[in-house]
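What TrEMBL says about this one:
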| type | residues | note |
| --- | --- | --- |
| DOMAIN | A:6-291 | domain 'UvrD-like helicase ATP-binding' |
| BINDING | A:ALA27, A:GLY28, A:ALA29, A:GLY30, A:SER31, A:GLY32, A:LYS33, A:THR34 | ATP binding site |
| DOMAIN | A:292-574 | domain 'UvrD-like helicase C-terminal' |
| REGION | A:685-706 | region 'Disordered' |
Amino acid sequence: MHDYLKGLNEQQKEAVLHINGPLMIVAGAGSGKTKVLTTRIAHLMNQGVDAFNILALTFTNKAAAEMKERIEKILGNSEARNLYIGTFHSVFARILRGEAHRIGYPNNFTIYDTDDSRSVLKTVINEMNLDDKHYKPSVVGNRISSAKNALVGPAEYATDYYIQQEDMRANRPAIAQIYAAYAARCFKNGAMDFDDLLLKMYELLKNFPEALHKYQHKFKYILIDEYQDTNAVQYQITKLLAAAHENICVVGDDAQSIYSFRGATIENILQFQKDYDDVKVVKLEQNYRSSQSILNVANEVISNNKGQIPKNLWTENSAGEKISLVRTMTDNDEGKFTADTIQEQKLRNHYHNRDFAILYRTNAQSRAFEESLRRMGIAYRIYGGVSFYQRKEIKDFLAYMRVIVNTNDEVSLLRIINYPARGIGKTTLEKCAIYANEQNIPLFEVVSRAGEFGFKGGTLEQLSNFVTMIRYFQSLLTDKNAYDVAVQVGKHTNITKELFADKTTEGLARYENIQELLNSIKEWTESPLNEEDGEVGEKSLGAYLQQITLLTDADDDKENSDVVKLMTIHAAKGLEFGCVFVAGIEEMLFPNAMSINTREELEEERRLFYVAITRAKHRLWLTYANTRYRFGQLVQNEPSRFIEEMPEQYIDKSYAGGGARNNFSSDMGSAFERMQRGFGFGSQAADAEKKYGPPPAKKTNSKPEYLPITPPSSKVVEHKPGADFVASDTSNLQAGQEVEHQKFGFGTVAKVEGSAHNPVATIVFKLNGEKKIMLNYAKLRIIS
DNA sequence: TTTTTTCCTATTGGG
DNA sequence: TAGGAAAAAA
């Protein structure tokens with residue numbers, strides 16, 4: 001082990017060497033926070049603290065993984081694998097898995113992501129005969145989430161005067177009942193949503209003294225990263241856990257608090273000093289990341305916020321280049337400017353793709369950048385947005401696995417009971433749901449005892465086939481691993497086959513995604529057992545499913561891949577990049593229109609801006625557009641008020657005003673750009689192709705007004721069948737036969753396809769062109 | 001029951 | 001604009 005104290009400054013050393021008693025580290029941006037945390041943990045272990053007694057909570061899995069890795073490097077052994085390092089959610093999920101029996105949950109409880117949770121809410125709202133247009137699941141869900149994060153249960157929610165007043169004023173008085181029904185339903189489903197992972201952990205510690213005692217003594221040393229972003233539940237949990245030993249170390253920066261929307265409160269950081277006696281406070285004020293110019297701008301901007309914890313962030317780094325402020329005409333130009341500049345910087349200053357990040361306020365802004373990067377042939381990766389595990393095909397597949405492990409999980413059951421289509425439709429399911437609610441039994445039980453509930457014939461057969469299949473998968477659990485089960489699921493459900501048969505681009509992508517999922521399950525199954533696998537400690541399917549839900553796509557980062565990174569500013573917290581573009585510095589967008597109503601909101605936007613700026617090490621571009629498409633509508637935005645808050649002497653505004661230099665392209669591009677803007681695509685289009693490659697295929701919305709080969713279906717040329725029209729038996733219909741359709745008239749059968757139960761004929765009609773006709777329903781008269 | 005078409009609404013942020 | 005959900009057609 002090398003001397004880990006070397007290379008630390010005085011304050012950092014002070015923080016690392018403090019072992020017992022409460023410690024608060026106020027860590028400015030880029031002040032070596034992670035280094036201090038990891039070194040401190042290594043130091044604790046070096047002083048004889050057992051890794052099993054250390055708990056470190058972070059906000060992202062990535063931060064946790066990075067910490068673990070760095071500790072291992074310092075220590076030079078693999079003791080670090082015994083540390084409890086992870087996000088609040090993943091660590092608590094692990095603990096709850098082991099303690100589930102105490103709070104009445106199965107240890108294989110399902111974790112619902114936001115989509116799953118909204119779908120439960122929708123079901124509950126509909127069952128209560130409320131209008132889901134008025135009680136929107138997303139709105140109600142956010143309200144319930146805030147309640148949970150503030151430790152307000154359904155009972156308290158219903159009786160709290162102010163909460164009720166608020167709901168009344170919003171004309172949503174039933175939220176309290178929905179909340180109660182939602183919580184009950186999740187419990188019945190054996191499922192927890194993200195907020196439950198925190199709330200149930202709190203309840204476990206609060207209501208079960210043995211559990212509290214156990215974990216208080218297990219976690220003798222507690223470290224919490226990003227403390228400024230903790231909310232009330234997280235605060236209460238850590239307070240309970242730390243009460244016995246008071247060896248709690250929190251790291252935070254009030255200037256970087258950006259998660260108040262999910263209940264985080266800066267109060268926690270201020271409260272910390274009141275909660276414990278003799279809190280040692282260490283301020284890390286030397287910034288090792290950014291150039292002088294960048295830091296000066298950041299400091300100046302944040303000074304507009306009131307009530308900051310006083311600190312003086314400074315750096316020994318050189319002044320560096322000025323910050324570039326760039327105005328473009330449109331959001332697309334903003335994208336082109338960014339891609340062009342990246343290309344130019346790569347050539348001129350020998351940067352790589354991986355040195356660049358494009359940060360924006362909202363995910364919707366990513367598209368313009370994607371397009372222009374693709375045209376320039378620059379490799380990029382988007383973080384956030386729809387993650388891998390949120391894709392439909394992946395969720396469908398995982399839903400099978402979830403049902404196998406926990407048949408009470410109604411959300412997953414409803415997802416798959418008729419996917420792939422097996423003839424169990426809406427009517428059948430509605431009946432099942434009614435029985436399940438009447439008798440208060442799980443939906444799956446109704447399905448598996450369908451005969452007793454009066455289902456007969458084909459429906460009964462389909463239902464029992466489904467149950468038999470699930471039971472078969474369950475029988476595999478005892479001696480097959482997660483991967484083997486997954487393969488069987490793919491095979492017996494025909495999911496793989498069905499997707500493989502779909503030769504469209506999207507179908508191909510879906511098939512590949514499933515393959516990728518299978519690979520990742522295999523990889524997980526074969527990876528060595530470690531602390532991550534939970535209290536229960538096994539490689540079961542249940543363990544796999546629980547960790548998968550808590551992953552985000554920022555986590556499976558191929559760190560070395562040479563790509564430009566695109567993400568929201570929120571997602572960029574804790575990261576740093578050589579060159580940073582912050583896009584859309586406009587009123588309504590940043591600060592966002594939703595967050596300009598109170599001083600608190602505006603100050604949070606400003607902190608967000610501060611976070612964005614301080615991600616940059618060497619170069620920083622701030623871009624904004626005169627007009628951009630929002631909502632499919634062209635809108636004009638003023639430059640952001642934050643621009644005026646930046647000190648002029650560090651800003652290069654030569655691309656921010658009007659005039660020729662306003663145009664970003666240094667050479668012939670500028671004329672083209674002006675032409676294009678003024679006159680639409682003209683003779684210069686060829687130049688554009690040379691420069692940017694062929695434009696992406698445009699989906700034309702305008703229908704040609706002449707010569708439609710197949711008339712639009714809305715304009716069916718009506719055919720009136722004779723009074724004697726009699727539908728023929730079409731069970732043996734062959735290609736080449738002539739038929740008469742009740743509505744479309746005469747035509748020739750081109751082919752017959754589809755399953756035996758649901759044959760589909762493609763028929764070319766004389767008057768109405770090609771149609772796909774489902775023979776089970778359409779009335780056809782065979783002529784020859 | 002399944003597929004296609006039309007309609008509608010959303011865009012602050014994430015584990 | 002785009003994607004999902006409801007409505008309509010098959």
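A Cβ is built for glycine as well, from the same backbone N, Cα and C atoms used for every other residue.
Heads up, TrEMBL stuff is auto-annotated, nobody curated it.
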Listed in sequence order, residues not in A:ALA27, A:GLY28, A:ALA29, A:GLY30, A:SER31, A:GLY32, A:LYS33, A:THR34 with Cβ within 8 Å of the centre of the ATP site Cβ atoms: A:VAL36, A:ASP253, A:LEU284, A:ASN287, A:TYR288, A:ARG289
Most crowded position, judged by CB atoms within 10 A, among A:SER31, A:THR34 as binding-site residues: A:SER31
Close in space, distant in sequence - A:ALA29 (ATP binding site), Cβ under 8 Å, 6 or more apart: A:ASP253, A:ALA255, A:GLN256, A:ASN287, A:ARG289, A:SER290, A:ALA298, A:LEU313, A:TYR610, A:VAL611, A:THR614
All-chain count of other Cβ atoms within 10 Å of A:GLY28 (ATP binding site): 25
Averaged pLDDT, computed only over the residues in the domain 'UvrD-like helicase ATP-binding' (A:6-291): 93
Under 8 Å by Cβ from A:ALA27 (ATP binding site), same chain, sequence gap 6 or more: A:LYS33, A:VAL36, A:VAL251, A:GLY252, A:ASP253, A:LEU284
Packing count at A:LYS33 (ATP binding site) (other Cβ atoms within 10 Å of its Cβ): 22
Other CB atoms, at most 10 A from the CB of A:GLY32 (ATP binding site): 21
For A:GLY30 (ATP binding site): intrachain residues, at least 6 apart, with Cβ closer than 8 Å: A:ASN287, A:TYR288, A:ARG289, A:SER290, A:GLU576, A:THR614
Reduced DSSP assignment, A:SER31 (ATP binding site): coil
